[in-house]
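Notes follow once the structure below has been shown.
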(Lines of atoms letter the chains of each structure in order from A and count residues from 1; the text may use other names and numbers.)
(Lines give C-alpha, C1' and ligand atoms only; values in the text may rest on other atoms or scores of the structure.)
Protein backbone atom coordinates (compact mmCIF):
# COMPACT_ATOMS: atom_id res chain seq x y z
CA UNK A 1 0.00 0.00 0.00
CA UNK A 2 1.57 3.27 -1.16
CA UNK A 3 0.16 6.77 -0.72
CA UNK A 4 1.61 9.83 -2.54
CA UNK A 5 2.40 12.78 -0.25
CA UNK A 6 3.41 16.36 -1.16
CA UNK A 7 4.82 16.89 -4.65
CA UNK A 8 7.26 13.97 -4.85
CA UNK A 9 6.99 12.06 -1.58
CA UNK A 10 5.16 8.95 -0.43
CA UNK A 11 4.37 6.63 2.46
CA UNK A 12 4.49 2.91 1.66
CA UNK A 13 3.60 0.03 3.96
CA UNK A 14 6.38 -2.54 3.63
CA UNK A 15 5.42 -4.99 6.35
CA UNK A 16 3.02 -5.44 9.26
CA UNK A 17 3.21 -7.93 12.09
CA UNK A 18 -0.08 -8.53 13.87
CA UNK A 19 -3.49 -6.90 13.83
CA UNK A 20 -6.28 -5.97 16.24
CA UNK A 21 -6.36 -9.51 17.64
CA UNK A 22 -2.67 -9.31 18.55
CA UNK A 23 -3.54 -6.67 21.14
CA UNK A 24 -6.49 -8.76 22.34
CA UNK A 25 -4.32 -11.86 22.81
CA UNK A 26 -1.65 -9.87 24.64
CA UNK A 27 -4.25 -8.39 26.98
CA UNK A 28 -6.02 -11.68 27.69
CA UNK A 29 -2.81 -13.53 28.58
CA UNK A 30 -2.73 -11.51 31.80
CA UNK A 31 -5.78 -13.52 32.89
CA UNK A 32 -4.67 -16.78 31.22
CA UNK A 33 -7.48 -16.46 28.69
CA UNK A 34 -7.73 -16.83 24.91
CA UNK A 35 -9.76 -15.04 22.22
CA UNK A 36 -13.52 -14.94 22.64
CA UNK A 37 -16.18 -13.99 20.12
CA UNK A 38 -15.64 -11.03 17.82
CA UNK A 39 -17.92 -8.62 19.69
CA UNK A 40 -16.23 -9.28 23.05
CA UNK A 41 -12.78 -8.97 21.49
CA UNK A 42 -13.72 -5.66 19.93
CA UNK A 43 -15.12 -4.37 23.21
CA UNK A 44 -11.85 -5.31 24.89
CA UNK A 45 -9.92 -3.15 22.40
CA UNK A 46 -12.22 -0.26 23.30
CA UNK A 47 -11.78 -0.93 27.02
CA UNK A 48 -8.00 -0.93 26.73
CA UNK A 49 -7.99 2.35 24.82
CA UNK A 50 -10.58 4.03 27.03
CA UNK A 51 -8.66 3.23 30.22
CA UNK A 52 -5.17 3.92 28.86
CA UNK A 53 -3.94 0.31 28.96
CA UNK A 54 -1.69 0.73 25.93
CA UNK A 55 1.04 -1.94 26.27
CA UNK A 56 -0.97 -4.64 24.39
CA UNK A 57 -0.86 -2.43 21.29
CA UNK A 58 2.93 -2.70 21.25
CA UNK A 59 2.47 -6.20 19.81
CA UNK A 60 1.29 -4.71 16.50
CA UNK A 61 4.29 -3.58 14.46
CA UNK A 62 4.49 -1.70 11.15
CA UNK A 63 7.37 -1.05 8.78
CA UNK A 64 7.00 1.91 6.42
CA UNK A 65 9.14 3.19 3.55
CA UNK A 66 8.92 6.98 3.54
CA UNK A 67 10.12 9.58 1.05
CA UNK A 68 10.05 13.07 2.55
CA UNK A 69 11.99 16.36 2.56
CA UNK A 70 14.90 16.36 5.00
CA UNK A 71 13.25 18.96 7.24
CA UNK A 72 10.22 16.68 7.61
CA UNK A 73 12.41 13.65 8.33
CA UNK A 74 14.27 15.53 11.07
CA UNK A 75 10.98 16.27 12.83
CA UNK A 76 9.90 12.64 12.33
CA UNK A 77 13.08 11.24 13.89
CA UNK A 78 12.27 13.00 17.17
CA UNK A 79 9.83 10.12 17.76
CA UNK A 80 12.42 7.90 19.35
CA UNK A 81 10.52 4.71 20.25
CA UNK A 82 10.97 3.31 16.76
CA UNK A 83 13.71 2.07 14.45
CA UNK A 84 15.06 4.07 11.51
CA UNK A 85 17.37 3.49 8.55
CA UNK A 86 17.91 6.40 6.15
CA UNK A 87 19.42 6.92 2.72
CA UNK A 88 23.08 7.85 3.21
CA UNK A 89 24.55 10.91 1.53
CA UNK A 90 28.01 9.55 2.34
CA UNK A 91 27.61 6.38 0.30
CA UNK A 92 25.17 7.50 -2.41
CA UNK A 93 25.07 10.39 -4.85
CA UNK A 94 21.98 12.37 -3.94
CA UNK A 95 19.31 12.78 -6.62
CA UNK A 96 17.94 16.11 -7.83
CA UNK A 97 14.62 15.89 -5.99
CA UNK A 98 13.52 18.91 -3.98
CA UNK A 99 10.25 19.85 -2.34
CA UNK A 100 8.68 23.02 -3.71
CA UNK A 101 5.77 24.20 -1.53
CA UNK A 102 2.36 24.86 -3.09
CA UNK A 103 1.33 28.49 -3.51
CA UNK A 104 -1.04 28.45 -0.52
CA UNK A 105 1.89 27.80 1.86
CA UNK A 106 3.18 31.36 1.53
CA UNK A 107 0.33 33.20 3.23
CA UNK A 108 0.54 37.00 3.46
CA UNK A 109 4.02 37.51 2.00
CA UNK A 110 5.25 40.92 0.90
CA UNK A 111 6.08 39.50 -2.52
CA UNK A 112 3.83 37.43 -4.73
CA UNK A 113 3.98 33.65 -4.13
CA UNK A 114 5.17 32.97 -7.68
CA UNK A 115 8.26 35.08 -6.96
CA UNK A 116 8.88 33.13 -3.76
CA UNK A 117 8.81 29.86 -5.69
CA UNK A 118 11.14 31.37 -8.27
CA UNK A 119 13.63 32.30 -5.54
CA UNK A 120 13.44 28.87 -3.92
CA UNK A 121 13.91 27.13 -7.27
CA UNK A 122 16.90 29.34 -8.05
CA UNK A 123 18.63 28.46 -4.78
CA UNK A 124 17.86 24.76 -5.29
CA UNK A 125 19.35 24.79 -8.79
CA UNK A 126 22.45 26.69 -7.69
CA UNK A 127 23.07 24.41 -4.71
CA UNK A 128 22.67 21.20 -6.69
CA UNK A 129 24.91 22.50 -9.47
CA UNK A 130 27.55 23.30 -6.85
CA UNK A 131 27.12 19.84 -5.33
CA UNK A 132 27.74 18.18 -8.71
CA UNK A 133 30.75 20.40 -9.41
CA UNK A 134 32.27 19.43 -6.08
CA UNK A 135 31.75 15.73 -6.80
CA UNK A 136 33.31 16.09 -10.24
CA UNK A 137 36.28 17.81 -8.63
CA UNK A 138 36.83 14.80 -6.40
CA UNK A 139 35.36 16.21 -3.19
CA UNK A 140 34.04 13.34 -1.02
CA UNK A 141 30.26 12.90 -1.06
CA UNK A 142 30.05 13.42 2.70
CA UNK A 143 31.59 16.88 2.27
CA UNK A 144 29.96 17.90 -1.02
CA UNK A 145 26.47 17.32 0.40
CA UNK A 146 26.78 20.17 2.92
CA UNK A 147 25.77 22.70 0.26
CA UNK A 148 22.34 21.09 -0.26
CA UNK A 149 19.23 22.66 1.35
CA UNK A 150 16.74 21.04 3.72
CA UNK A 151 14.04 20.65 1.08
CA UNK A 152 16.05 17.85 -0.56
CA UNK A 153 14.09 14.59 -0.49
CA UNK A 154 15.41 11.70 1.56
CA UNK A 155 14.10 8.16 2.05
CA UNK A 156 13.99 6.06 5.19
CA UNK A 157 12.51 2.93 6.73
CA UNK A 158 10.46 3.38 9.90
CA UNK A 159 9.55 0.40 12.07
CA UNK A 160 7.14 1.31 14.85
CA UNK A 161 4.66 -0.40 17.13
CA UNK A 162 1.04 0.72 17.20
CA UNK A 163 1.37 2.40 20.59
CA UNK A 164 4.18 4.65 19.36
CA UNK A 165 2.41 5.17 16.06
CA UNK A 166 -0.62 6.53 17.91
CA UNK A 167 1.64 8.92 19.81
CA UNK A 168 3.02 10.09 16.45
CA UNK A 169 -0.52 10.70 15.19
CA UNK A 170 -1.48 12.62 18.31
CA UNK A 171 1.40 15.03 17.80
CA UNK A 172 1.67 15.25 14.01
CA UNK A 173 -1.89 14.75 12.76
CA UNK A 174 -2.76 18.04 14.37
CA UNK A 175 -3.02 21.62 13.14
CA UNK A 176 -0.24 22.70 15.53
CA UNK A 177 2.29 20.58 13.63
CA UNK A 178 3.99 21.86 10.48
CA UNK A 179 1.70 21.46 7.47
CA UNK A 180 4.06 19.19 5.55
CA UNK A 181 4.38 16.57 8.30
CA UNK A 182 0.62 16.76 8.83
CA UNK A 183 0.20 15.37 5.30
CA UNK A 184 2.42 12.39 6.12
CA UNK A 185 0.62 11.76 9.40
CA UNK A 186 -2.75 11.64 7.62
CA UNK A 187 -1.33 9.11 5.13
CA UNK A 188 -0.02 6.96 8.00
CA UNK A 189 -3.44 7.14 9.66
CA UNK A 190 -5.16 5.83 6.52
CA UNK A 191 -2.90 2.77 6.47
CA UNK A 192 -3.34 2.23 10.21
CA UNK A 193 -7.12 2.39 9.83
CA UNK A 194 -7.09 -0.20 7.04
CA UNK A 195 -4.85 -2.69 8.86
CA UNK A 196 -6.22 -2.27 12.41
CA UNK A 197 -9.79 -0.96 12.11
CA UNK A 198 -10.83 -1.76 15.70
CA UNK A 199 -7.75 -0.18 17.20
CA UNK A 200 -8.00 2.87 14.95
CA UNK A 201 -11.67 3.42 15.74
CA UNK A 202 -11.05 3.11 19.49
CA UNK A 203 -8.05 5.44 19.24
CA UNK A 204 -10.06 8.16 17.51
CA UNK A 205 -12.92 7.75 19.97
CA UNK A 206 -10.97 7.64 23.24
CA UNK A 207 -7.32 8.61 22.87
CA UNK A 208 -6.79 10.91 19.89
CA UNK A 209 -5.90 14.44 20.99
CA UNK A 210 -5.39 16.06 17.59
CA UNK A 211 -7.84 17.74 15.25
CA UNK A 212 -7.19 16.41 11.74
CA UNK A 213 -8.37 12.79 11.77
CA UNK A 214 -12.03 13.12 12.70
CA UNK A 215 -12.97 13.22 9.01
CA UNK A 216 -10.27 10.87 7.65
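Here, residue 1 is simply the first one shown, and the rest follow in order.
Every residue gets a Cβ built from N, Cα and C, even glycine.
Owing to the predicted nature of the structure, the values given are computational and were not obtained by experimental measurement.
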Between the ranges 78-88, 89-99, 100-110, 111-121, Swiss-Prot assigns motif 'ThyX motif' to 78-88
Checking Swiss-Prot, the member of 55, 175 that binds FAD with 78, 79, 80, 86, 161, 162, 163, 167 is 55
Going by the dUMP site in Swiss-Prot, where 75, 76, 77, 78, 86, 87, 88, 89, 90, 145 are listed, which of the candidates 50, 172 is also part of it? 172
Could you tell me the C-alpha distance between residue 88 (dUMP binding site) and residue 55 (FAD binding site) in angstrom, no decimals? 33
Which entry in the list of binding-site residues, 75, 90, 162, 172, has its Cβ near the fewest other Cβ atoms, using 10 Å as the limit? 90
Would you mind listing, in sequence order, the residues at least six apart from residue 79 (FAD binding site) in the same chain with a Cβ closer than 8 Å to its Cβ? 160, 164, 167, 168, 171
Once DSSP output is merged into helix, strand and coil, residue 86 (FAD binding site) belongs to strand
Within the motif 'ThyX motif' (78-88) only, compute the mean pLDDT. 95
